[in-house]
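Asks: Structure below; questions to follow.
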Amino acid sequence: MAAAAQAATGSVVTARIDTAALIRNARTVAARVAPAQLMAVVKADAYGHSIDIVAPALYAAGLRDFAVATVPEAVALSQLLGPDSGARILCWLFDSAADLTACTRAGIELGISTPEALEAAIAAGEQTGLTQDVHLKLDTGLGRNGLSLQQLETVLDRLRELATQAGTAARAQGTTASAPVRVTGIMTHFANADIPGDPATVDQLHCFDTLYGRLQAELPYALRADDLMVTLANSPAALSLDPVPGSHVRAGISLYGISPFEDRTAAQLGLTPVMTVTSRVLNVKDVPAGHGASYGLTYRCERDTRFALVAGGYGDGLPRIAGNRGEVAIQGRRYPIVGRIAMDQMILDIGPAETGGEVAIGDEVIIIGDGTTGPSAEEWASWCETINYEIVTCISARVDRIAVGADAGSAPAPGDHTRGGAQ
Ligand SMILES: *Cc1c(COP(=O)(O)O)cnc(C)c1O
């Protein structure tokens, strides 16, 4: 039954990444938000889907705007796509004490959330003799990162001062001044966009409009791009607001075929889950009534039955809390996970042989599927008291990501370190 057996060096638990579904999802989101454009958020290893698979696939489909959270993520993405890719990469979470010259050299754009971060960007521009592009990140109500009104005043004062310095230097040298920073974008982030119609989103939009009007008037001309990239919407805002605000949306979860809404499924949004987590049955045995399962013996079978052992545990990112709650699928049929999920393995009660359900060693197990093939990320989220985002993002590095889909046969990019393969 173990068709298409993995090479012995590959992991038993694998995450198949359907690049054809990824591209369909990206096109669906892009069509929904037009004339705004799609910026693909590929932080946290593309929400656990492997940036090495996801970013080149989106790039090959024509996408050029990418965002990640951290500087190391941005630098790695820049190297992955190559120096002449023409891609724009934005990141927004960094320590303003850090050296940002790697960003400046790679043309990576930085979201600025404090006056200190602006100073770090200026220092990087001055050290390299280049211009560091920045997006002013405004806190319009989320209270997380982003410039407060007071911090924005400080940033504007500093930009005016820089513009004056640059102007003076240019006149002295009779040249066009190149300033160490340039504002190429304005951004903010919503708190409650996953609840369509929530008044907090309306308040944030008003706040943004006011600040954006001010910035249009007050950003020093010498330090701003002609075409500001204006980004507000995450996936839930991109899929629910009409019209979609901004020149671009910063969409992550929807690209992976996962619904950001509690009450709307991926299918209802026209999205297809990209990740399928599979494993195999490693052992099947008869056990008598009363037999316990796993550490703590928190489950005891009521009748003579069979236990099936499946590779996969919290070391693979499958939360332990799903023990005695969750299910997995074998040949389209659901079986309960009994007892505690261990670091590497879990136990299923597959019932006595006579009740049907032929389960054998080597059978494929769908741990996370689309709800039909196997439990969805939403089902896992409900068993684990979390959200679907966390379920896929936490699938660990031990799990091989394997590209499948229309272009899965293409050779991996140079320097691609994705394990597994595309067979
Ligand atoms: C993660 C993130 C996004 C993407 O959000 P999704 O809901 O996954 O689309 C956009 N903007 C910021 C600032 C983020 O941190």
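Cβ coordinates come from backbone N, Cα and C, glycine included.
Residues annotated as active site, proton acceptor in TrEMBL: K43, Y295. Summarising the annotation, TrEMBL assigns substrate binding site to R144, M343. Under the heading domain 'Alanine racemase C-terminal', TrEMBL lists 274-404. Residues annotated as N6-(pyridoxal phosphate)lysine in TrEMBL: K43.
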Asks: Check the Cα-Cα distances from K43 (active site, proton acceptor) to the recorded positions R144, Y295, M343 and tell me which is shortest.
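Replies: The answer is R144.
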Asks: As a test of the contact definition, list every same-chain residue at least 6 positions from M343 (substrate binding site) whose Cβ is closer than 8 Å to its Cβ.
Replies: G313, Y314, G315
Asks: Summarise the domain 'Alanine racemase C-terminal' (274-404) by DSSP state, stating how many residues are helix, strand and coil.
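Replies: Tallying H, G and I as helix, E and B as strand, the rest coil: 25 helix, 49 strand, 57 coil.
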Asks: Here the recorded positions are K43, R144; which one has the lowest number of other Cβ atoms no more than 10 Å from its Cβ?
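Replies: Least crowded of the recorded positions K43, R144, by Cβ count within 10 Å, is R144.
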Asks: Identify, in sequence order, the residues in the chain of Y295 (active site, proton acceptor) that are 6 or more apart from it along the sequence and have a CB within less than 8 Å of its CB; answer 'none' if there are none.
Replies: G339, R340, A342
